[in-house]
Amino acid sequence: MSEHLMNTYARQPVTFTKGEGAWLWDTEGKRYLDALAGVAVNGLGHAHPRLVAAISEQASRLIHVSNIYGIAEQGKLADKLCAISGMDNVFVCNSGCEANEAAIKLARLYGHNKGVENPEIIVMERAFHGRTLATLSATGNRKAQAGFEPLVSGFIRVPFDDLEAVRQVAQRNKNVVAILLEPIQGEGGINVPRDAAAYLSGLREICDANGWLLMLDEVQSGVARTGTWFAFQHTDVVPDVMTLAKGLGSGVPVGACLARGAAAEVFTYGKHGSTFGGNPLASTAALATLEIIESDGLLAHAEQLGNYIREALATSLQGVAGVSVIRNAGLMIGVELDRPCSGLVKQALEAGLLINVTADKVVRLLPPLIMSESEAQQLVDTLTPLIKKFLA
Ligand SMILES: *Cc1c(COP(=O)(O)O)cnc(C)c1O
């Protein structure tokens, strides 16, 4: 690694040179099964031929023009995103934190427009919303925040999956304008609400009763990862604002903030912007990603494969002391151990498998949507002995 890179990552000792499907090859020619997909980014795996063709054709014609002009590809992307989500409009940006920054600005402006001078947003413990100052302030991780004070004010934190805590804030605080949460927490440990439908509809009711916006951060859970286009679609609830990024562009940086109803009217000329956001190349990558997911039936496949992996791991790890719980929502899969286990990442790497550990104790798997059942079985067969040995 170059000495000229800032030390913001403790990198694994490997560098990849090519990929195909669910597989990556390093500089030595060794092959790895990718069960992380660039942290939920490469849903189509690596070098998907139709994605490569679409972005190659676009790059050869037009990469960037500026949002000062019409961008046909961005318009098509917005139409498609609204059609599959039920939202009304879209601001296209380049990353998850930018999508959340847009949502936070939108909520504040929504508050100011109705006379709330110091608008506040309810956020969750163990949440992750990004690394910019506002999104870091919204993130529920003291370690990530430490040293960056003063943080951005205007966030109120409550426990995840706790409606009563939100009701109590509603009773005593007149400045709240929105709730921002991940329907399934990713970095926080693949935390799935006990009853997602009841939790989200409870939050929806509180928002409606108080005139708040329900804002879902689907940066990790969105774009087919949980077996529906967006995780909220496992319920009857529709949010006012939703943010996307990770899987949206299959690795070409693109994020989006979607809004519906009154929230869709908040941003007007000059209130927000982005130089690169939704340029022809990024928009084409996102549009091709959505079209391939649809035409290849990857929504149903993600749901089925996720359950297959969870069940296979539950069987292979049955009765193993130290395995606390195995949970999933489609292809967001967490194996929680009773102890910190970041060392497993390197052991898996040596065994030719890419995984991740988050929240200290949770082995996190975010396989590409295109992974086959036999590859999934290979993942389980490689990971199981590593976990057993680690816990022995
Ligand atoms: C990764 C992530 C982000 C931040 O996305 P970046 O593109 O790294 O800025 C925000 N929210 C959630 C839920 C994420 O998983």
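Cβ atoms here come from the backbone N, Cα and C positions, even for glycine.
Note that TrEMBL annotation is computational and uncurated.
Bear in mind that the values here come from a model prediction, so they are computed numbers and not experimental data.
Annotated pyridoxal 5'-phosphate binding in TrEMBL involves D217, E218, V219, Q220, T275 plus, out of the candidates F128, F148, F155, F390, the residue F128. If you take the CA of V219 (pyridoxal 5'-phosphate binding site) and look 10 A around it, the recorded positions you hit from R131, K246, S274 are K246.
Neighbour count (other Cβ atoms within 10 Å of the Cβ, all protein chains): 28 for K246 (N6-(pyridoxal phosphate)lysine). Long-range Cβ proximity for E218 (pyridoxal 5'-phosphate binding site), meaning a same-chain Cβ under 8 A and a gap of 6 or more residues, is found for E182, P183, F230, A231, F232, M242, T243, L244. Shown are the binding-site residues Q220, S274, T275; of these, the residue with the fewest other Cβ atoms within 10 Å is T275.
DSSP assigns D217 (pyridoxal 5'-phosphate binding site) to a strand. Cα-Cα distances to K246 (N6-(pyridoxal phosphate)lysine) place Q220 within 10 Å, out of the binding-site residues F128, R131, D217, Q220.
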